[in-house]
Amino acid sequence: MATKIDKEACRAAYNLVRDDGSAVIWVTFKYDGSTIVPGEQGAEYQHFIQQCTDDVRLFAFVRFTTGDAMSKRSKFALITWIGENVSGLQRAKTGTDKTLVKEVVQNFAKEFVISDRKELEEDFIKSELKKAGGANYDAQTE
């Protein structure tokens with residue numbers, strides 16, 4: 001059966017993360033049968049990492065705050081998590097299903113495909129987002 005996405009529900013969750021006034025900084029999009037629907041959401045990145053278990057595949061939209069003391073800004077990441085115990089067929093299907101998620105999640109600084117929990121570390125993601133942002137204007141120390 002072809003995968004579908006609940007666009008309205010997923011768009012509402014996506015917009016919640018994009019809203020700077022919202023405490024929600026991440027949302028997952030998971031499979032409910034053959035439909036992609038919003039999953040968990042939260043205000044703590046560590047709670048997101050707990051969703052990424054070896055037997056699950058999911059997509060996540062995450063807001064990170066970057067910059068220095070003078071200039072804070074939000075950067076967004078689209079993360080595809082594929083656990084180690086996910087079957088080969090499901091792994092392959094995740095890649096094509098991501099196009100459905102991208103119909104909703106359109107604005108992000110960098111995309112990640114991760115199956116190793118070490119790559120989910122917040123510092124690693126932030127450093128990759130910083131590289132993707134181009135020039136580094138952090139306050140210089142002399």
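Glycine is no exception: its Cβ is also placed from the backbone N, Cα and C atoms.
Here the candidates are Lys118, Lys126, Lys131, and Swiss-Prot annotates Lys126 as N6-acetyllysine. Per Swiss-Prot, the residue from the list Lys72, Lys98, Lys102, Lys130 bearing the note N6-acetyllysine is Lys102. It is 16 Å from the Cα atom of Lys102 (N6-acetyllysine) to that of Ala2 (N-acetylalanine).
Ala2 (N-acetylalanine) is 34 Å away from Lys126 (N6-acetyllysine) when you measure Cα to Cα.
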